[in-house]
Each structure stands twice: as structure tokens, then as C-alpha cells.
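Below: one structure, written as C-alpha cells.
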Amino acid sequence: MGIQNNVTEFVLFGLFQSREMQHVCFVVFSLFHVLTVLGNLLVIITINASKTLKAPMYFFLSHLSFADMCYPSATTPKMIADTFVERKTISFNGCMTQLFSAHFFGGTEIFLLTAMAYDRYVAICRPLHYTTIMDQWKCGLLAGASWVAGFLHSILQTLLTVQLPFCGPNEIDNFFCDVHPLLKLACADTYVVGLIVVANSGMISLVSFIILVISYMVILLNLRSQSSEGQLKSLSTCGSHIITVLLVLVPPMFMYIRPSTTLAADKLVILFNIVMPPLLNPLIYTLRNNEVKNAMRKLFGVKGFLGKK
């Protein structure tokens, strides 16, 4: 027997039921999304056009900016458009596409941050071998592996969900299609699927977080042997990465490392994860990095752009 699926569309509750709050959401998130796309696009253009930003760190940063530009684009435009309609619906295929896209770009972002942490570890702890270890081929391999790992994570999540039977109700108490609300709607026992989701999403976030924390602890210990100027420069670079890691990894750990249940705070937590890191990352990696600021000045010919060196 095939999957008994009587649901052709899902109804999204959105963030707020109040029309006034929906109008506020339209203004705020439209502005945030435009700034996110333009900010990350600016970083990508600057890195690819500049002759000075050829270090592996900036290669990974351009990939991270692309993922940050695409990640909110999987959900935010639909959320913004839904502020105009009373009944917010999404087709079954559209829902699965949204689920896949959000986890693909979100997962890739996590793996890219891990690759960037490894790059910083080699640069600080093994500086004499840095150019040999982080050559162009290995950087490309790490970036490619991050995208492949993000795809495998997302396709597993999507395949687990799409094969479930949905026979009603079809109302999702969220602003986009995510795995926990969908498991709640399935008319079948989802205990095993829920465990796999925890192992897939939750453990990826937790293990990545532990690896990153350990790597930065090792980096900080190795900084003791450097000069004061070298310590400040390394701390500034690593500080940007640590801020991004906290913004990106803490919300998914809250969302996916627990059993398959939905909480009242879930919408706000996942909204923060989708909106804020992609919006803030261009600021974190430019305002704290003189090389990027100088490259932007030269590229756009604006004196004093982003402050003085």
C-alpha cells in the first residue's frame, strides 16, 4: 500500500494573528531581508573583486556570505508575502521544498563555520606550514565538502518527512514548514523519525559546537606564545568567528536536540536563527576586519568608508 496522504496544502499560522503586528512584521522583515541580501552580496563582490583578499579565510567567508544570503531567502519572502493575506497557505510540494532549502543552507552554514575554525587553527597554531596545509585545492575541498554535507543533512531530513502520511489536520503553528510541526501533523507513529531528526539536526549542531569550542580553546592557549600585536590581531579575527558560532549554533541546539515536540518559544528562536546571523555576519566580518574595510574603500573609491584604519 502507498502512503495515505490526503493533504495537498498546509495552513501557516504565521508569527502573529493581529493585523497591526503583521503590518509591523512586513516593514521590519522586509527591511531586514533587503539589508541581509545587500550586505552579503557586498561581501561576496568585495572578496571576489579584490586582489588583496585572497587568503583562505576570505574564500570561506565568500561561501558563508552566499549561504547567509540564501538561507533566509528560503523562508522570509514567503513570510513577508503572507502578511497581506488572511489565510496563509503553502502547497505540499512547496512545503517540502521550503523544508529542504532551509536545512540545506542552514546546515551548510554550520559546516562552513567548522571549516573556517580549522583554517584559523592552522593559521595560528601551525603558521610555518599554513600555506602548505591550506592550499587552494584543500580549501576548495573543504568548501565543497561543506556544501555536500549540507545537502546530505537536508535531503535526509526531507525524505524522512515527505514519506510520512498526512491525513489532516493541516494547520502548522509556525511561519514556515519545519520538521517538528510537520511530525506533529503526521497520522502515524513518528517516534523513530523524531529520534533520527535529533541525531541528524541536533547532534550535528551539538558536535559542531563542541568541536568549535575545543578548537578555539586550543587557539587561545597557543596565542600565549605570540607577540602582543599578534595576539590582538588573532583575537580580533577569532572573536568574529566566536560571535557567529554562538549566533548560528545555539538556536538549532535548542530546537533539535530535544525530542520531537513543539514549544511556544520555537517560533521566536528559529526566527532569530534565520534572520539575525545572516544579517549580522557582514557587519561582524567587515567592521572588525581592516583588510575587508580597506578592500571596500579601494573597490568603491570612498574615502573613510566604514571608518578609519
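Glycine too: its Cβ is placed from the backbone N, Cα and C atoms.
Sequence annotations record features per position, and here TrEMBL assigns domain 'G-protein coupled receptors family 1 profile' to 39-285.
The feature transmembrane segment is assigned by TrEMBL to 24-47 (among others).
Per TrEMBL, the feature transmembrane segment maps to 99-118 (among others).
The transmembrane segment feature in TrEMBL is assigned to 139-156 (among others).
Residues of the same chain lying 6 or more positions beyond the ends of the transmembrane segment (191-223) and with a Cβ under 8 Å from any Cβ of it are 103, 107, 110-111, 113-114, 117-118, 120-121, 124-125, 153, 156-157, 160-161, 164, 179-180, 183, 230-231, 234-235, 238, 241-242, 245, 249-250, 252-253, 255-260. Sequence annotations record features per position, and here TrEMBL assigns transmembrane segment to 191-223 (among others).
For the transmembrane segment (235-257), the residues of the chain that approach it from at least six positions outside its boundaries are 57, 106, 109-110, 113, 116-117, 120, 124, 179-180, 197-198, 201-203, 205-206, 208-209, 212, 216, 219-220, 223, 266, 269-270, 272-273, 276-277, 280-281, 284-285, 288-289, judged by C-beta separation under 8 angstroms. For 235-257 (among others), the entry in TrEMBL reads transmembrane segment.
Marked as transmembrane segment by TrEMBL: 269-287 (among others). Tertiary neighbourhood of the transmembrane segment (269-287): same-chain residues 15, 29, 32, 35-36, 39-40, 42-43, 61, 64-65, 68-69, 71-72, 75-76, 102, 106, 109, 174-175, 178, 240, 243-244, 247-248, 251-252, 254-255, 293, 296, 306-307, selected by CB-CB distance under 8 Å and a gap of 6+ residues from either end.
Sequence-distant contacts of the transmembrane segment (99-118) (same chain, at least 6 residues past either end, Cβ-Cβ under 8 Å): 57, 60-61, 63-64, 67-68, 70-71, 74-75, 142-143, 145-147, 149-151, 153-155, 157-158, 161, 176-179, 182, 201, 204-205, 208, 211-212, 215-216, 241, 244-245, 248-249, 252, 273-274, 277.
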